[in-house]
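These notes concern the structure reproduced below.
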Amino acid sequence: MNLLKNKAVQYTILAFVVALIPLLLDINRSTLTLWNMVIIYAIIAIGFNILLGYAGQISLGHAAFMGLGAYIAANLTGNLELPFLLSLVLSGLIPMVIGLILGLVALRLEGHYLAIATLGFGVAIQQVFKEWTAFTNGFSGVRADNPVIFGLEISEREHYFILGMIILLLLVLFAHYLLKSKTGRALLAMRDSEHAAQAMGVSLFKYKLIAFAASAFYAGIAGGLFMHLIRFTEPNAWGITLSLNLLAMVVIGGLATIGGSIIGAGFIVMVPEFIKDIEFLASIKSFATIFTGFAMIFVIMFFPHGIARIGTQIKIALLNRRNSRVDKGKGGAPNGRSKG
Amino acid sequence: MAVLKVDNLSISFGGLKAIDSLSFEVEEKAIYGLIGPNGAGKTTVFNCISRFYTPDEGDIIFNNDIDLQKYRVHDVVKVGLVRTFQNVELFKSMTVLENIIIGQHSNTKGGILAQGLYLPKVRKEEKRIREKALGIMDFLGIRGIEHYPVAGQPYGVMKLIEIGRALMTDPKLLLLDEPAAGMNSKETEALTDLIRRIRDEYDMTIVLVEHDMSLVMNACERICVINFGAKIAEGTPAEIQDHPGVQEAYLGEEASADA
């Protein structure tokens, strides 16, 4: 029973149960494509949450890393004919190195300035995608094949969903353990108070770079998975819209939570689909975007810890109310504990 | 033996000399007070020692042969020097226990991959630092709140958590920046006891900057008084209380006119 309380075990069980749903139920291909997209966005959102939620560093250019991952995956499996899994790892590792460079920039900039600089980075990389035709084939785009793992070709969406779920699970577990140990504490400490973090021995240099590198790695992996799912990409997919959607996922889902990143990804991918089915809303142009914007404002105002923490937030609010009553009953002395 | 030797320290901000050729020495296992009127430069001295500021001139020698200026701000904790902050600087989104555990950051083993894979050695480290932190919480008398968020704690408890976090770094020298600020007289009394107990049980040297005279006079064995960044007196609490220059610095011209 105790094992079930372990978060890693919960994640694993949940992943396996959800991964099997498409095999048991008859779900059409386009819905399954969406489900796969949720997984892919969940991966990039977890990485982005390490950066924004834990390290407190903003980036408005992370679409570039995902795009980079996609193009690398296409080139490595297409032109170089590398095996899928090796190519997928590289489509994470190469953006990670570029993420380190962006991290170096972040060491010099804060807040608004960092947001502007990363926005510029995103725009610049997108431009590279448009111009560097040898790598990206420009606006004509590149194609990729179905992934082949140990001679097995994955062409069905159900199977791709299982593959994606396994990769998501591995990345979730890695992030979960990393964030609950030394690195996670150092990142949160850096976000809460840079001075105190430094005084405790946390190197801002090291941990800002780690945050950027990790988020770029997750983004690259997401890009690689996207490439083999959709099997086509062109430069317009990797612009500011995706970077802003990513921000919305993490804020709506919940900053500094892994579960929140996944919920946020689900929210941003699925909501436009639900809206499409409601006729009078679908007739309003770009209603999904408008809705996302309002959802973000609403969440920031009323649930600043995101959807994932609504339950906890209510519990804490109730607890505080009860405690303040108890304190009044005792007749004050809130510092009573301080006497050693 | 001097644990800390500040020699001829000077620093200016925009032409204003915040510290002016300040020298003092702190003996091992001493409780040393650094006092002075508002704006005298006390916290600036702390900021120089803990490497948040780089002085224009002078040397800060720790433990006889460690030139602190060769260390970066996040490295001083590794040689055994740690500080607290004037306005409690805790990590607000973390629990009390996590706040204290951070103190062992530099001594916690395990690389990024080992942590992500949660290898047995990382597990063992987590257990070790957790038990160490709980021991410190026992010592400070704040056991029982370890899993509460630090943000909701009363001010006096936050101050203790910050001291706990500092103790967690296994320091040889502890710099306390106004530990009694915002405390009532009863809490200050308890703090005086605590400071002595920390020195005795953890076997360390303590330097404190403080406005609260009862704490300084009761806890410190030696006191250095600075005004406008320069030393005006040094001695035992009794000597400092009788020093005419100190009274003038604190009470200003009015006192000298009365005298």
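Cβ atoms are placed via backbone N, Cα and C, with glycine included.
The shown structure was predicted, so the numbers you read here are calculated from the model rather than taken from an experiment.
According to TrEMBL, the features are:
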TRANSMEM  A:9-27  transmembrane segment
TRANSMEM  A:33-52  transmembrane segment
TRANSMEM  A:84-106  transmembrane segment
TRANSMEM  A:113-129  transmembrane segment
TRANSMEM  A:160-179  transmembrane segment
TRANSMEM  A:209-230  transmembrane segment
TRANSMEM  A:242-268  transmembrane segment
TRANSMEM  A:280-303  transmembrane segment
Practice task
Verify whether three or more Cβ pairs under 8 angstroms connect the transmembrane segment (A:280-303) with the transmembrane segment (A:33-52), leaving out any pair fewer than 6 apart in sequence.
Solution key: no
Exercise for the section: Taking the transmembrane segment (A:209-230) as the first stretch and the transmembrane segment (A:160-179) as the second, find out whether 3 or more Cβ pairs fall under 8 Å, excluding pairs closer than 6 in sequence. Expected result: yes
Handout entry: Residues from the same chain, set at least six apart from the ends of the transmembrane segment (A:9-27), whose C-beta lies under 8 A from its own
Key = 3, 35, 157-158, 161-162, 165-166, 168-169, 172-173, 176
Completion exercise
Highest Cβ pair tally under 8 Å against the transmembrane segment (A:280-303), stretches A:84-106, A:113-129, A:160-179, A:242-268, lands on A:242-268
